[in-house]
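As recorded in TrEMBL:
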- E201: active site, proton donor/acceptor (ACT_SITE)
- E135, H153, E201: Zn(2+) binding site (BINDING)
- 81-205: domain 'VOC' (DOMAIN)
- 211-335: domain 'VOC' (DOMAIN)
Amino acid sequence: MAAGRSGTVACAAPAVPRRPLLLSTAAAALQPGPVRLSRSGSGTAAGKLRASPPDAAQAATAAAFAGEEEAFAWAKNDNRRLLHVVYRVGDLDRTIKFYTECLGMKLLRKRDIPEEKYTNAFLGYGSEDSHFVVELTYNYGVDKYDVGAGFGHFGVAVDDVAKIVELIRAKGGKVTREAGPVKGGKTVIAFVEDPDGYKFEIIERPGTPEPLCQVMLRVGDLDRAISFYEKACGMELLRKRDNPEYKYTVAMMGYGPEDKNAVLELTYNYGVTEYGKGNAYAQIAIGTDDVYKTAEVVKLFGGQVVREPGPLPGISTKITSILDPDGWKSVFVDNIDFAKELE
């Protein structure tokens, strides 16, 4: 929903070990630059995914488009889905406890990488091959991060907002906005914060198939951001709403209807063109059938590729990392490779 909203809480579950490989995402590096990456995946079952090009075809795919129109058409038809959002926390067990006990998430898997001094935990409301999830990163010895002014909130859709708010309060959590209709609308929302200060908007949306439903980021030029995510990332502008009374405008971007898929919520606050990003939030991971073509599309439409497409060292999983015009990072991951990692 909107910009100046907010909310906190503090509230483990057994680790579910998977394959030890897997790309790690927001580990180690505390700068917004080339953060360590995590797997990303398919928006559909592996059987429905189209094969990604072999490495020998890199040169061909790099020059695959005759122009912007062809590149745009390819991006719109690529098999894409928001896979997970990656961010850093200061106490992994504490955060897992909060997410499972207060927000009702499940710990899907957890892995420790002692040689690189970080641990990851994946939590959500369904399996990673079909749901949007969070990837938490704990870097050994780092117990605090700066969330920054640019990050807004995560959205969680529930059947009864008031009930969840009372549960969070009973467990000693921080409620920063009581349950009630959103300003200028009828949707019931509330805001809470997790132990690291990340804000969660609790949205009343009974029966939703995708409870972890939003990532809100603030941008300095909304039209510029919309154009980038439409053209370079192949997203659709699902809706746009201006709120002159409260001096902000929001745009919902995604790969499917807002009530059934996770979306990116971009917020423009009147007159604010830059935000400090801190070192806590890392990136969103997006599945693609071809990371090489994806990188070329991004370049054609003015995006910055900060990691050229290709397999990760020691792993066959292919990825590419990009920055939007505001410096927010996204990682595109080969669908087939991601599906293999989850086997």
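The backbone N, Cα and C atoms fix where each Cβ goes, glycine too.
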Subject >> Spatial separation of the residue listed as 'active site, proton donor/acceptor' from E135 (Zn(2+) binding site) - C-alpha basis, Å >> reply: 18
Subject >> H153 (Zn(2+) binding site) versus E201 (active site, proton donor/acceptor) - Cα distance in angstrom >> reply: 7
**OP:** Starting from the Cβ of H153 (Zn(2+) binding site), draw a 10 Å sphere and report how many other Cβ atoms land inside it.
**Re:** 25
Original post:
Around the residue listed as 'active site, proton donor/acceptor', how many other CB atoms lie within 10 A of its CB?
Top reply: 26
**OP:** Calculate the per-residue pLDDT averaged over the domain 'VOC' (211-335) and state the result as an integer.
**Re:** 96
